[in-house]
Amino acid sequence: MGTGLIVNPFSVYPSSLKNYTVGEIMDIFIAQVPNAPFSQTVDTLKTGSKEQQVTGVVTTMFATVTVIRKAIELKANFIIAHEPTFYNHLDETEWLENDPVYQFKRKLLDEHGIAVWRNHDYVHSLKIDGVQAGVVKELGWESYYKQNAVLNLPETTLGDLITHIKTKMNVPALRYVGDLSQRASKIALIPGAAGGRRQIEMMQKEKPDVLICGESPEWETPEYVRNANEMGEKLALIVIGHSASEEGGSEFMAEWIKENLPEIPVYHVPSGNSLSVK
């Protein structure tokens, strides 16, 4: 996976500080988000303290045990993750207090003084969606990117497009709906799990050849696209998987640290997919 940003919507935050706290890094990023801070957000500190001095930053999709151990090895005590740490959207832990899996993970974080911040709502709400921009770069589509979800690529087939995505994202298999020989030029790219309604409304509005998403319940967008094909439409859907579809956003976050806070050691550690295929 390459480094560097597609665009630089940021102005480097001027500061003579060499030692940043967790809270300072959070505040510097949030200050660059329009209309932030938000009154309601999942982007809260999950472990650690805003006052602790940062020794290094790891960016990732999921703060898995493997990622945490890598952060410890790298002597980086601040993990910026895109998704929840404790198995639910709000990272509510009351129901997990007596669970051995939760206890194991929490103990590992606490014993090594690791702060975990979920940066989901804010990175998506930058003037240019940081996750979308990072994924576009990962796929090598920068020259077609107009800072929105629609890209007009050189004409190819659905089959070749799938091969391209698998290669660039290093995923072994993708799920899809459509004819592998059909035209694929106008693409709607919605990483992650935006929800069936948003995905379908995007197809209604933009009329893409292919919608690329991270995931969708089978009764929502996949069924809509199947029905569209059954009525004769040439519409395709590619489902990458949530983790792979947004990991480029975590590399974007590492590049943001490098450009805005160059004194801080930063590492992008992909968390990988919890699910395997056979």
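Every residue gets a Cβ built from N, Cα and C, even glycine.
Taking the Cβ of HIS82 (divalent metal cation binding site) as centre and 10 Å as the limit, one finds 27 other Cβ atoms among all the protein chains shown. The divalent metal cation binding site feature in TrEMBL is assigned to HIS82, HIS242, GLU246.
HIS242 (divalent metal cation binding site) falls within a helical segment according to DSSP. In this view, GLU246 (divalent metal cation binding site) is surrounded by 25 other Cβ atoms within 10 Å of its Cβ, with every protein chain counted.
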